[in-house]
Amino acid sequence: MPIDPSFEENREQVDDHEGHAVWGPVEEPEKLGIHGTHVAVDFDICLADGACLEDCPVDVFEWVDAPGHPESELKADPANEDQCIDCMICVDVCPVDAIDVDAGRAGRL
Ligand code: SF4
């Protein structure tokens, strides 16, 4: 199942991580929620393919450890989402549709 593009309405922000929002539910280590708002990555879908890290022209993503998560023990964290130029490459290359980018959400936490 792809990331829910309406996560702002359907989820609650439960935390901040390195300056970006985390949208719950979060029950570590199995459930990690969605990281980011402008560039949102559903950590529960991400399987650490790495195409977004390779292809993003402005290096928005960084690996973070997710020990014990059932899909993968690395996640593509939108650590620099404020640098995003909305090219949509990451959305296109993600094999499991874990990423949603919306410039209309830029600047919101
Ligand atoms: S939309 Fe483009 S610039 Fe923004 S995070 Fe994705 S690949 Fe990077």
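Cβ coordinates come from backbone N, Cα and C, glycine included.
Per TrEMBL, the feature Zn(2+) binding site maps to H17, H20, H35, D77. Sequence-distant neighbours of H35 (Zn(2+) binding site) (same chain, 6+ apart, CB under 8 A from its CB) are H17, H20, A21, V22, W23, V41, F43, K75, D77, P78.
There are 22 other Cβ atoms within 10 Å of the Cβ belonging to C52 ([3Fe-4S] cluster binding site). According to TrEMBL, the [3Fe-4S] cluster binding site annotation covers C46, C52, C94.
According to DSSP, C90 ([4Fe-4S] cluster binding site) sits within a helical segment. Cβ neighbours of C90 ([4Fe-4S] cluster binding site) (same chain, under 8 Å, six or more residues apart in sequence): V39, A51, C52, D55, C56, V60, F61, I99, V101. Annotation comment: TrEMBL describes C56, C84, C87, C90 as [4Fe-4S] cluster binding site.
What TrEMBL lists as compositional bias 'Basic and acidic residues' is 8-20.
If you look at the domain '4Fe-4S ferredoxin-type' (37-66), the same-chain residues 6 or more away from its ends with a CB under 8 A from one of its CBs are 1-4, 7-8, 20-21, 23, 29, 31, 72-85, 87, 89-90, 93-103, 105-109. Feature annotation from TrEMBL assigns domain '4Fe-4S ferredoxin-type' to 37-66 (among others).
Within its own chain, the domain '4Fe-4S ferredoxin-type' (75-104) has Cβ neighbours under 8 Å at 2-5, 7, 17-20, 32, 35-43, 45-53, 55-66, 69, counting only residues six or more beyond its boundaries. According to TrEMBL, the domain '4Fe-4S ferredoxin-type' annotation covers 75-104 (among others).
Here TrEMBL flags 1-20 as region 'Disordered'. Distant neighbours of the region 'Disordered' (1-20): 26, 33-37, 40-42, 45, 77-79, 81, 96-100, 102, 105, 108-109; these residues of the same chain sit at least 6 beyond its ends, with a Cβ under 8 Å from one of its Cβ atoms.
For D77 (Zn(2+) binding site), the Cβ neighbour count at a 10 Å cut-off comes to 24, with all displayed protein chains included. Cα spacing between C46 ([3Fe-4S] cluster binding site) and C87 ([4Fe-4S] cluster binding site): 20 Å, rounded to the nearest whole number. For the binding-site residues shown (C56, C87, C94), fewest C-beta neighbours within 10 angstroms: C87.
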